[in-house]
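> After the structure tokens below, expect a handful of questions from me.
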Amino acid sequence: MGGTKLTHVTTTNPNNSNIHGPVVDEVEGLIKVYKDGHVERSQLLPCVDPSLPLELGVTCSDVVIDKLTNVWARLYVPMTTTKSSVSKLPLIVYFHGGGFCVGSASWLCYHEFLARLSARSRCLVMSVNYRLAPENPLPAAYEDGVNAILWLNKARNDNLWAKQCDFGRIFLAGDSAGGNIAQQVAARLASPEDLALKIEGTILIQPFYSGEERTESERRVGNDKTAVLTLASSDAWWRMSLPRGANREHPYCKPVKMIIKSSTVTRTLVCVAEMDLLMDSNMEMCDGNEDVIKRVLHKGVGHAFHILGKSQLAHTTTLEMLCQIDAFIHHYDPLN
């Protein structure tokens, strides 16, 4: 799609309360839902076209997945050299975070992070711009993820970038709500039919899970108003994204246990942030599954540090995480 920007941006209007009635749910500064169902999103983070500096060694373009649902993806493809072009590269299918309700594959923070991930890990990356709740409550995002994989299955022989891709080595990845989506998509593809590709593993960065009973890390971090994710915002994201009438005991709020022991998805990397209210739920999903799950705890950093953190610690830890993901994909010890 070249430089075409496919994302839709909704801006705020101070008169909306008069037109659409009172606000019935919101996450301050990010999203408001009005009584008549109108949804207003604030664009706090800039959206960018699919362009990258030449020196990064990665090309970028947007592709349409489904015209009817307006689902699209941003592709990052490492530039080949004479030395590297002999072997094909793994593919990471990535789902952005945002509580299922906000976010875009064109957000600058994701664009920069995934370009670095592609360059560092020597992988193609496909960042999926899925449908958002509350207009499209779950499982819409899960369905879009599955459709993105089915699109890959059809596109593998029709695109120049596909010639560089090893479709036998696909990793489903995402952060926060995107980590939840990645695992749900993997579960839905646990018994694939007519797929000429293989999901080798999942990479879950601070995956978004919850429950009605509060965890210790939720009580410890959840009321920190400086945190990216608070208890108030976490609860609001779930209210706006779950099927009508569901609470936080719904299966969508829990890790998919069947996929952890799946014979088709053989490996999982879980990246946990110490200062994240999700820490306990992320650690718990790994307990007893050490044979198939590699758990990495990033100390001193909070939720979404890898895309929103501005401190030197966040920057250094992001570099470490990129190295850990690279090591997980390519089977080596990052400390050696």
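Glycine is no exception: its Cβ is also placed from the backbone N, Cα and C atoms.
Here Swiss-Prot flags 1-20 as region 'Disordered'. The feature compositional bias 'Polar residues' is assigned by Swiss-Prot to 7-19. Look at Swiss-Prot and you will find Ser176, Asp276, His303 tagged as active site.
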> Starting from the Cβ of His303 (active site), draw a 10 Å sphere and report how many other Cβ atoms land inside it.
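Taking all protein chains shown, His303 (active site) has 26 Cβ neighbours within 10 Å.
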> List the Cα distance (Å, whole number) between His303 (active site) and Ser176 (active site).
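Cα of His303 (active site) to Cα of Ser176 (active site) measures 8 Å after rounding.
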> For each of Ser176, Asp276, count the other CB atoms within 10 A of its CB; which of these active-site residues has the top count?
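Of the active-site residues Ser176, Asp276, the highest Cβ count within 10 Å belongs to Ser176.
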> Between Ser176 (active site) and Asp276 (active site), how far is it from one CA atom to the other, in Å?
11
